[in-house]
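The active site, charge relay system annotation in TrEMBL covers Asp154, His231, Ser562. Taken from TrEMBL, the feature domain 'Inhibitor I9' covers 31-121. Taken from TrEMBL, the feature domain 'Peptidase S8/S53' applies to 145-603. The domain 'PA' annotation in TrEMBL covers 391-476. The domain 'Subtilisin-like protease fibronectin type-III' annotation in TrEMBL covers 678-778. Here TrEMBL flags 1-26 as signal peptide.
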Amino acid sequence: MGFRLFFVFFHLLFFCLFPVLGSAGAEDLQSYIVQLHPHEATASSGDAGEAVLASKMHWHLSFLEKSVAWEREKRPSSRLLYSYHTVFDGFAAQLTEEEAAALRELPGVASVRADRRVELHTTYSYRFLGLDFCPTGAWARSGYGGGTIIGVLDTGVWPENPSFDDRGMPPVPARWQGVCQGGEHFNATNCNRKLIGARFYSKGHRANYPTNPSDAVSLMEYVSPRDAHGHGTHTASTAAGAAVAGASVLGVGAGDARGVAPAAHVAAYKVCWFNGCYSSDILAGMDDAVRDGVDVLSLSLGGFPIPLFEDSIAIGSFRATTRGVSVVCAAGNNGPSPSSVANEAPWVITVGAGTLDRRFPAYVRLGNGRILYGESMFPGKVDLKNGGKELELVYAASGTREEMYCIKGALSAATVAGKMVVCDRGITGRADKGEAVKQAGGAAMILANSEINQEEDSVDVHVLPSTLIGYREAVELKNYVSSTRRPVARIVFGGTRIGRARAPAVALFSARGPSLTNPSVLKPDVVAPGVNIIAAWPGNLGPSGLEGDARRSDFTVLSGTSMACPHVSGIAALIRSAHPSWSPAMVRSAIMTTADVTDRQGKPIMDGNGGKADAYAMGAGHVNPARAVDPGLVYDIDPADYVTHLCNLGYTHMEIFKITHAGVNCTAVLERNAGFSLNYPSISVAFKTNTTSAVLQRTVTNVGTPNSTYTAQVAAPHGVRVRVSPATLTFSEFGEKKSFRVAVAAQSPAPRDNAEGYLVWKQSGEQGKRRVRSPIAVTWVVE
């Protein structure tokens, strides 16, 4: 996950605020999401009036009345959690297994599925992306994102943070229909022209919360849109935070903080709580956000890949997309395993994580004179010559597993007091280990990467002098400790270094393709900054996120695809501001086809595992907002084409209905669309047994200059022949469309599991600066 959860909670208060609902025993109930077939009550538009919404709720309650044996004093409304109206036709309710089974048998019910929990997956990053004050740059061309509204579904927001100051912000758009929902330590005055709306959704969370207080995790939680954990505040400010001069994390990483779209408005939808994010709450947040009038939805949450017809985010985002809302999702942090990418729906923008060229060196100087590279954001003094105090090193190589991983309560004060403790990474959070060492009397910590972490360097604002070292360095360190009678070391903090590291590179933890459920669409789509991102932080937490951290900072550092996602949400807002008539597919195309495949040194983007990053790690490449606002050509997709695509994949009538809320005859659809291929900006071919060729059609729209010509340049994947026809596209008008075919033929037998190449449409003539690039990914599927 992209943040450190810690929890302090008053159990009695929680259960007073969150009573257990329904007529059955609390231990028998769980929350379900019920999808319904179309009904006259659902025929109106998403801008439904109160009478229509009331009619829908009455219709939803009627299903509960038919399926549940109610006690005399109870009513169906006591079990209803949400009545959905915009991105989903149906409701969420608490039911027993028997009641859920009874509901499934009722006419008009399409599906009943258990609620699902998913996880939450800057002072410099905007500059790294090339966003500056140049009059021809992305900010100037888009008005800094002015007029657009980004809806952030996350843990809420800390409105007092200076990143949400509204000085200089334009008025709230007249089309905005949202509210600033009151609650615990939050009221309407907390919203302004920057933070224009805030809501919270707790019904799914509280329905799934343990009924026995002794089983619950302690937590300080706000029953309101206020953020108790920091993740939502961090992501919202990354996307659209206001300019804050002199921002830093306790003096480290100092600079001017700005969101990617600093003039965009923000609406916060709190759908995540201390035990995760439940699908019923997420759907309710998406439902309101689309009706409120957001232009972009940013979801830094998700899980493992699951079929689209079971994925509430995919289902809700389909309706959002058909209503013109761009949906941006995190790819997940389950890399580098293949096919680990989440949020795979072809109508969303799926974002992986990349690194910055900013480092926070904290070297380990061993007693034998060797120096090991590490990183830390502990606010220690910079002393490159002498470093910190030399301390005795201790590592529990022959101790218990709990001691090796520095689990709280496992360390003996007699062993670690006053010493520098080596802790293996894993099991518990990185910052937790530092707290455990400090509580046991340790004076400093070296956090050692395991083999699975390699050289990954996500830093933390530790509560004691600490540094994180890579796996190679960890092996050398442990060899030194085991071979020396009294091993010693000191940590030398090197401050903040910019421009010396090769970047961007794909983060090791960033989830990878090919897509498990749909290899014919390349995912992730792009990567964006997601490692060691500094952004806004709530005032109730120390920068480490630990309960015992009494320090306070308006900013802290987090890593994850959760941090990468809002960077792209901000870029989507810039594009929407510059091109308000563009569809979500055009916005995504602009982001993908202008992405970089080389780093700041002009070399191929590297992977966190040490090799060259491939398309399954970085998608189309690393985002480049300056080029994205002026892409030249775009690949547009009509929402109906997604339905044809699902038919092409072999989805059943009912599976497609669960996603689209519309009936479809796939036989007829495929007959009308023989040879169909989704007009996606990337080109992905999945060859099955005895299949060695495919022909795909693509259509591009000219959004650049009239009277322009583009010529195809192709690099075929290894073992594959690629032919593009026609090889030249000539446009005479703005908005003109041209189609071309891509013929792909592979060797048999398959030379490898997958291979990649690219197609670039290069503009000719005096205005030939535009390059419209599409990765070509070929996968041989074992059936």
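The backbone N, Cα and C atoms fix where each Cβ goes, and this holds for glycine too.
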Just the number: how many Å between the Cα atoms of Asp154 (active site, charge relay system) and His231 (active site, charge relay system)?
7
Cβ atoms near His231 (active site, charge relay system) (within 10 Å, other residues, all chains):
29
State the mean pLDDT for the domain 'Inhibitor I9' (31-121).
79
The domain 'Subtilisin-like protease fibronectin type-III' (678-778) - residue tally per DSSP class, helix then strand then coil
0 helix, 61 strand, 40 coil
To the nearest whole angstrom, what is the C-alpha distance linking Ser562 (active site, charge relay system) and His231 (active site, charge relay system)?
8
Would you mind splitting the domain 'PA' (391-476) into helix, strand and coil residue counts from DSSP?
24 helix, 20 strand, 42 coil
How many neighbouring Cβ atoms, not counting its own, are there within 10 Å of the Cβ of Ser562 (active site, charge relay system)?
32
Suppose we draw a 10 Å sphere around the Cβ of Asp154 (active site, charge relay system). How many other Cβ atoms does it contain, all chains included?
31
